[in-house]
Amino acid sequence: MMNKLLCHKTTDREVHKSTYSLVSCGELTADTLQLWNGLPDEIKKDPSFDQIRQKYEELGDSGDINNVQNGEKRAKFTINNDPILVPNNEHEGFLIQDHENTEVLCASPQDRKKHDQAKITRYYIKMSLLLGCWVFFTGVFLTHNEKEEIYKTTAVLPGDINNYTLNTLNAEAISIKINGPFLSARDERNLNSSEYDSADKMLVWLEGDEISQPWYITLSDNLNYNTGEMRYHIFQLNKTSYILKLRTTASSVTAFKLSFDLNPLDGSTGVIYAIILLFVLYVLIIFEIINRTMAALLVSTTSLAALALVGQRPSLPELISWLDVETLLLLFSMMILVAIMAETGIFDFLAVFTFEVTKGKLWPLIFLLCIITAVLSTFLDNVTTVLLMSPVTIRLCEVMDLDPVPILMFMAIYSNIGGTATPVGDPPNVIVASNKAVINAGIYFTNFTAHMSVGVVFIVLQTTLQIKYMYRDVNKLRLRVPREIQELHHQISIWRRAADSLPHLSNGVAVVREGLERKIVKLNKQLKNMVKERNKRACPKDTFRSTLVELKEKYKIRDKGLLIKSSVAIIFVVTVFFLHSIPELNRVSLAMTALLGAILLLLLADRMDIEPILHRVEWSTLLFFAALFVLMEALSKLGLILYIGGLMEQVILKVDESSRLAVALMLIIWVSGTISAFVDNIPLTTMMVRVVVSIGTNPKLNLPMAPLIWALLYGACLGGNGTLIGASANVVCAGVAEQHGYKFTFTKFFKVGFPIMIGHLVVCSVYLLICHCVFEWH
């Protein structure tokens, strides 16, 4: 009987005019009025609270707020448009229910109890594991000191041997680091046998119970003591004291800086730690156990604890140096520009314009947005393009009753494709194009764009066909929940947060609490009826022309003066971005350019209060990137990326010389592409460019540098389309979507992005093999 009562269908009268007053027999006390003053404006302006608002204003004007507790003059009121008599048993048969738990509430008591117990169990398991992780890294930080590297600056005279006594009684290995006028390990490998034999060298060895094999370091011809090359070597020990000895074959004094670490991290152990950390990060994000920013913070902090356990805990200055300030500053600056520009109404106007051009047709509209995004990304940073285009896309989808999430995913994918074409389009391109070894190999703006753009054209065609096939059922692009229901969900969440924020120990809040709870129940009843009555979402009922006229009337440019000022700032930023291709004018970084543009627009806008603008900055996205940068650097120090690069080099060496270029291209593009799908491509590119340059300059392999660079860039840039955290544009797009109330999940992006990424890599592989193995374009 009770279940029937709880699940009873709500009548129209219950929805539109409750039989219960929202606040019945309430008393307007000083606590009530003080609490009312602290409620959100959206709550206080609700029509159902007109009486309490008027009473508050009357008492406030008369100065009698503190006297409302007089026994005979307590204000009793209802918060409905008309007073309704309330029965004494008003709560009988009354249910406060959440729309998300409707099925559970209508189930049997035993099923509800099991559901509640399972939910509580999952919660305690999750919190136990997360708090256990926190206890782990907190305990490690409290018991392990920061790494202190003490460098000894000294010199070796010609014919002399320097001796240094080391306390290595309890050590099994020691890492010797020497910074001086040496050739890099890569340049040393490039020497032929006669050059290597004739070059001056420094010899380093250990003497104790036994004498170690000497470590030969080739000296540079240019003994520049201002800039040195760091070299390191690991010696195995027998837990006894040793003497470190150094001498040179040079005829002049050799100055250097020396340091050492006892028991350095074993490479295989570090790789295992790194794989475990990545696995935990992806479990937290894929299954949405916690917020993705919190997941990145938790795992990156745990990675620091792992480094601390092996004696490599970084200091705070070193930790800050791991952050890619260029990327973070670029994101922050462009967020400021977009936040101010959005106030002009330009994005709404562009949405209506695109709707008019495509005549409301679905696929022309989607692909027009995607192509515009790709073209803009070739000249602007793709993160900047996503920030500019996301509000347009969301507004347009809302106009056409489309689900913005898949279309935003398409847009992020096309922005990564377009950014691949030029040196300034994608952060990995900027990293590679500014590398000295790449510049010395003759790769510059023109040939970079020529080689990459041809492949991008084929990738755009492949992506368009694949998306059209994957979404051949266009109902997948429709909104499953109408806007009216979404808005009602949002309204209920606002009222619920207000009710939950009330204090529980004060009797004076009963009036407001009762009003809020009854309003929530009323909205829930309305939501329940709306959900039952709605049908599957179809196209808008109005004709295209009437809809267009209505949209043009509603969405206009709101502030033309601010639009002109915003255009000046954007034109400045884009112009200076273009000037980066001219070496003589390339003196300001992309991030600094964006910051200058943001400052210019803030000055032109002449705002006395910039807090509203700063509130629109995606701080959680910036924090997510910062945590990822720390994690990737920690994984690098644990040896994961170098381990993968070493394996690649070994595989290429085992292949016949005639097939090495093809094998190298396939290895680089598929390894970098696959890893880039699961690791942010900015730190990955920073590490992989060293590996590729090492392979390209290795005389044993004898491979051309340019095709290897193209393979790396195709893999790193396009591999980012595989997962949500694979590319910066994906994360930024997800942040903008969530800011507008649309949830971006890892799994949803993976289902769309990963198959498309595989198609990217297949097309690029065929393109590179034909161009560089068949026609030898390089």
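The backbone N, Cα and C atoms fix where each Cβ goes, and this holds for glycine too.
Unlike curated entries, TrEMBL annotations are predicted automatically.
According to TrEMBL, the transmembrane segment annotation covers 123-142, 270-287, 294-311, 331-355, 362-380, 450-471, 562-582, 588-605, 617-641, 661-679, 708-732, 752-775. According to TrEMBL, the feature domain 'Citrate transporter-like' maps to 282-715.
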Using Cβ distances below 8 Å and needing 3 or more such pairs, separated by at least 6 in sequence, tell me whether the transmembrane segment (270-287) contacts the transmembrane segment (123-142). no
Dominant neighbour of the transmembrane segment (617-641) in 294-311, 331-355, 362-380, 752-775, by Cβ pairs under 8 Å: 294-311
Output the single range from 331-355, 362-380, 562-582, 588-605, 661-679 maximising the number of Cβ pairs under 8 Å to the transmembrane segment (752-775). 661-679
Recorded stretch that, among 123-142, 362-380, 450-471, 661-679, has the most CB pairs under 8 Å to the transmembrane segment (562-582): 362-380
List, by number or range, the same-chain residues at least 6 past the transmembrane segment (661-679) whose CB is under 8 A from its CB atoms? 278, 282, 632, 635, 641, 644, 648, 651-652, 655, 688, 692, 695, 701, 703-704, 707-708, 711-712, 714-723, 725-727, 754, 757, 760-761, 764-765, 768-769, 772-773
Cβ under 8 Å, sequence separation of at least 6 from the ends of the transmembrane segment (362-380): give me the contacting residues as numbers and ranges. 354-355, 386, 388-389, 392-393, 396, 400, 402, 407, 410-411, 413-419, 421-422, 424-426, 453, 460, 464, 468, 474, 477, 574, 577-578
Need one number: mean pLDDT over the domain 'Citrate transporter-like' (282-715). 82
Non-local residues, at least 6 beyond the ends, that sit with Cβ under 8 Å of the transmembrane segment (450-471): 363, 367, 370-371, 374, 378, 406, 410, 413-414, 417-418, 420-422, 477, 706, 710, 713-714, 718, 752, 755-756, 759-760, 763-764, 767-768, 771, 777
